[in-house]
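Participant: Reproduced below are the annotations present in TrEMBL:
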- 172-200: domain 'C3H1-type' (DOMAIN)
- 210-238: domain 'C3H1-type' (DOMAIN)
- 172-200: zinc finger (ZN_FING)
- 210-238: zinc finger (ZN_FING)
């Protein structure tokens, strides 16, 4: 009788232990379930917020595009281009015609309106690539002399003021205007800056004869061009088109 009583007590204790363990597992499952439920609700609210922000972003972009399109037409007719092209260059000293070949303008409210870069269409771009076989393996000690030409200052074209600049056929140093200098009037890099701080430092670049002669296909397809003023294709209609 004593043996059976001990067995019954041991069975009851094991039963109570298993019930408690099962109850603990059920509580853990319920906690995990409710935590997952709250996480799903939070993700759903974040998804809705993302959709609302995307809609607001598209609305703002459309407003910006409408504003730019409405203000681009008078600007391109009055101000000089952000990428000025000099045509008819034959290596001689001559004034550049900024009114005949201008592309889209980027007005700068804090500085004088200056071109971002100056490009020269010249057959010398192709002549430099057709070297004789004898001269390819020989190291030339001849110093490359820059070509000098005069350009009118964009902010005072009516006063007929000009700046003398040098055109190089290679390299990218000082071939674009410094953005920080154009916005604030100062540059933290000072003389170490790789960009030009004014027309006196801006180096014109000799380009292919067909540079900026064809309209950009990205713009003609209705989209935007990621290259901006660095694009090798025209971003604005020629002056004859604006006058028609």
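Glycine is treated like the rest: Cβ placed from N, Cα and C.
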Participant: How many of the residues that make up the domain 'C3H1-type' (172-200) does DSSP mark as helix, as strand and as coil?
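Facilitator: With helix first, then strand, then coil, the domain 'C3H1-type' (172-200) has 9 helix, 2 strand, 18 coil.
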Participant: So what pLDDT does the domain 'C3H1-type' (210-238) average out to?
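Facilitator: Averaged over the domain 'C3H1-type' (210-238), the predicted model reaches a pLDDT of 76.
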